[in-house]
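S.K.: Here TrEMBL flags 16-158 as domain 'Vta1/callose synthase N-terminal'. TrEMBL lists 160-232 with the feature region 'Disordered'. The compositional bias 'Acidic residues' annotation in TrEMBL covers 169-180. Per TrEMBL, the feature domain 'Vta1 C-terminal' maps to 238-275.
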Amino acid sequence: MAALAQLPPLPPQFKSIQHHLRTAQEHDKRDPVVAYYCRLYAMQTGMKIDSKTPECRKFLSKLMDQLEALKKQLGDNEAITQEIVGSAHLENYALKMFLYADNEDRAGRLNKNMIKSFYTASLLIDVITVFGELTDENVKHRKYARWKATYIHNCLKNGETPQAGPVGIEEDNDVEENEDAGATPLPTQPPRPSSSAYDPGSVPSSSFTGIQIPPGAHAPANTPAEVPSSAADVRLTPEDFARAQKYCKYAGSALQYEDVSTAVQNLQKALKLLTTGRE
């Protein structure tokens with residue numbers, strides 16, 4: 001993929017999006033779709049912050065040029081031309097990164113790549129908001145990942161041994177200001193979560209400030225005990241069909257990553273919606 005024109009210096013007003021732009025640069029070759037949406041998020045957020053002062057307008061103009069160049073290079077990629085596919089791609093990518101970091105953490109394999117993965121996952125969940133409001137699950141994952149990145153980074157910095165898993169969460173952690181938590185590059189492809197790293201059943205789902213985070217290696221959802229044999233009496237709205245289609249797209253995207261449990265969960269959601277009219 002052709003190199004993009006360099007951006008001018010980041011205006012101080014846009015400090016909150018600097019890490020999203022850094023993540024975009026890191027993914028230009030690894031996953032251009034992720035890179036595109038990171039820049040789109042930065043663009044939309046920057047417009048809300050300041051689109052009037054000369055330095056901000058100049059920066060946003062150059063960022064727009066990058067977006068247009070990326071969109072042209074990606075051509076007919078469905079993840080760019082269809083929001084449902086793009087949303088599924090981004091959400092599954094963020095989830096895979098979160099699960100990789102969570103598995104590494106719970107297995108006691110503490111390293112900077114794992115910290116980076118937690119932090120990057122939280123940034124990518126920010127980016128998902130370009131498609132609309134986050135699900136409750138994504139909000140919880142973002143909060144946990146952001147807290148965990150800061151917690152482990154600070155422990156290692158102070159010569160302390162971090163505790164694995166959800167051991168408590170502080171509401172006032174500001175990892176946006178933490179330059180070091182996300183400074184180490186990720187592997188080109190995050191390692192696949194290993195089922196032998198730990199026994200998911202032996203790790204209880206701990207709670208902190210009302211948040212439940214399951215173990216990283218999610219088991220497939222249970223198959224519904226009963227599936228209605230006929231949905232003839234169910235009246236579905238256009239919105240229901242759109243949601244069902246979204247779940248099927250999510251499942252398809254998950255299968256590209258060989259993520260069976262996520263695919264099964266989304267297909268079951270689609271099936272329940274189509275047969276009962278409820279989610």
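Every residue gets a Cβ built from N, Cα and C, even glycine.
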S.K.: If I take every residue in the domain 'Vta1/callose synthase N-terminal' (16-158) and average their pLDDT values, what number comes out?
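M.R.: Averaging the confidence scores along the domain 'Vta1/callose synthase N-terminal' (16-158) gives 92.
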S.K.: Can you tell me how the residues of the domain 'Vta1 C-terminal' (238-275) break down into helix, strand and coil by DSSP?
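M.R.: Within the domain 'Vta1 C-terminal' (238-275) the tally stands at 35 helix, 0 strand, 3 coil.
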